[in-house]
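Q: In case it helps, Swiss-Prot gives these features for our protein:
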- E91: active site, proton acceptor (ACT_SITE)
- C340: active site, S-methylcysteine intermediate (ACT_SITE)
- C111, C115, C118: [4Fe-4S] cluster binding site (BINDING)
- G163, E164, S195, S218, L219, H220, N296: S-adenosyl-L-methionine binding site (BINDING)
- C104-C340: disulfide bond (DISULFID)
- 97-329: domain 'Radical SAM core' (DOMAIN)
Amino acid sequence: MKPSIYAFSQANLVDWILENGEKKFRATQIWEWLYRSRVQSFAEMTNLPKSLIEKLEEHFVVNPLKQRIVQESKDGTIKYLFELPDGMLIETVLMHQHYGLSVCVTTQVGCNIGCTFCASGLIPKQRDLTSGEIVAQIMLVQKYLDERNQNERVSHIVVMGIGEPLDNYDNVMTFLRVVNDDKGLAIGARHITVSTSGLAPKIREFAREGVQVNLAVSLHAPNNDLRSSIMRINRKFPIEVLFEAIEDYIKVTNRRVTFEYIMLNEVNDGVEQAQELADLTKNIRKLSYINLIPYNPVSEHDQYSRSTKERTLAFFDVLKKNGVNCVVRQEHGTDIDAACGQLRSNTLKKDREKARARIAAAKAKAGIRA
């Protein structure tokens, strides 16, 4: 299986070009074709010699993804189901925000973090995505926008789709450098947010990368007992270890950290827990922000439901009274398979049902012949 050329940073592409006996400027030409002209084949790179096009076609593909399903919400949110070269499925979401167009990308096929409320973890991690497969999600969404001829551009990225981004660290870092490159897509680093469930050592490493992207931490509980019961990762990196890493990140980068907090009815949404959360973040109040997230129910996790508006507002009020910077996050795509991983999970179910039906039909046909 040929890798995608999107897997290369510009520096990597220059290295490959030189190693293959070509002039350095060819890398710049290829880069501009990929990210400025956004061509989908090497044959469209009309200022390259035929011999170089043949080399590229021999070693790489451009976009490795196939579009399987597109769902569009009434609010303009678009969810894509893409098929990878090995047949695995991933999701990508385009959201219309007041500040621009934001894309949520997936970094792994499945997830091993084991959050008990999440659709992403219904299927264990199969593999990491390559950097090229992550970049390709942005490129296909941008292609979709280009074809609408409304002069729309992906302006923001959230690395919050299926999987744990910091568990696929090297590929995610390459992805960030590709989309941030000012000679390519030129998406500003401060318009990019990487989320983590709390891999403390990787947070420390990320702090020292020198990138200006934003960090979000999926917290979802204010104490170890509760967090360990709903997020398996907390048993490995408990809250005190996680917060030591977060404080180190803030000290090194002087950048704000966002905490994601899904509101689960009568699980983590009490006013006592709001006070615990306020106390937990007290030492980093000036450089932290809390997103309260309405829960998108998942049929396989029917023990959970969305917090009521009353409980959410009471929780929010406690945080505000403690001087916490917080907001109740705007919802997107509530009339489609909104929860992360839900479209993929539902599609896999339907595919299995169709396969069983085909097998049953074949058996019935064989029985008739017999």
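Using the three backbone atoms N, Cα and C, a Cβ is placed for every residue, glycine included.
Set these features in their place in the structure for me.
A: Classification of E91 (active site, proton acceptor) by DSSP places it within a strand.
The number of other Cβ atoms within 10 Å of the Cβ belonging to C118 ([4Fe-4S] cluster binding site), over all protein chains shown, comes to 26.
The 10 Å shell around the Cβ of S195 (S-adenosyl-L-methionine binding site) contains 20 further Cβ atoms across the protein chains shown.
The number of other Cβ atoms within 10 Å of the Cβ belonging to C104 (disulfide bond), over all protein chains shown, comes to 24.
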Q: Recorded positions E91, C104, C111, C115: which have a Cα within 10 Å of N296 (S-adenosyl-L-methionine binding site)?
A: none
Q: In whole Å, how far does the CA atom of S218 (S-adenosyl-L-methionine binding site) lie from that of C104 (disulfide bond)?
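A: About 15 Å separates the two Cα atoms.
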Q: Among all protein chains shown, how many Cβ atoms are found within 10 Å of the Cβ of N296 (S-adenosyl-L-methionine binding site), not counting that one?
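A: Looking across every protein chain shown, the total is 19.
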Q: Using C-alpha atoms, which one of the recorded positions E91, C104, C111, C115, C118 comes nearest to L219 (S-adenosyl-L-methionine binding site)?
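A: Of the recorded positions E91, C104, C111, C115, C118, C115 has its Cα closest to that of L219 (S-adenosyl-L-methionine binding site).
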Q: Fewest other CB within 10 angstroms, which one of the binding-site residues C111, C115, L219?
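A: With the binding-site residues C111, C115, L219, fewest surrounding Cβ atoms within 10 Å: C115.
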Q: CB neighbours of E91 (active site, proton acceptor) within 10 A?
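A: Taking every protein chain into account, the count is 26.
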